[in-house]
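Asks: Pulled the feature table from TrEMBL, pasting it below:
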type	residues	note
DOMAIN	1-93	domain 'HIG1'
TRANSMEM	27-45	transmembrane segment
TRANSMEM	65-84	transmembrane segment
Amino acid sequence: MSTNTDVSLSSYDEDQGSKFIRKAKEAPFVPIGMAGFAAIVAYGLYKLKNRGNTKMSIHLIHMRVAAQGFVVGAMTLGMGYSMYKEFWAKPKP
């Protein structure tokens, strides 16, 4: 049996808050997408009582599409940002 002594124990030492901050720095558009999704859902719940003649199902479909669109947009921007950092912003050797 061989043991791997190169395993970093720093990932075991960090708490949830610092792990979230580290991950957010690595992929900044993930928390932006999550916050946008939560904001759209909160707005949809707020507007639920003032929807007028609109059926409940149509209102929920519109809110779902808006929330999913925001998340997909954030993911697309995040992928573009990652590609920019990886291919174009990298210093030339």
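Even glycines carry a Cβ here, placed using N, Cα and C.
Help me picture these features in the structure, burial and contacts included.
Replies: Sequence-distant neighbours of the transmembrane segment (65-84) (same chain, 6+ residues past either end, Cβ-Cβ under 8 Å): 27-30, 32-33, 36-37, 40-41, 44.
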Asks: With DSSP as the yardstick, break the domain 'HIG1' (1-93) down into helix, strand and coil residue counts.
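Replies: Split into helix, strand and coil, the domain 'HIG1' (1-93) gives 70 helix, 0 strand, 23 coil.
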Asks: In this predicted model, what is the average pLDDT of the domain 'HIG1' (1-93)?
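Replies: PLDDT averaged over the stretch: 79.
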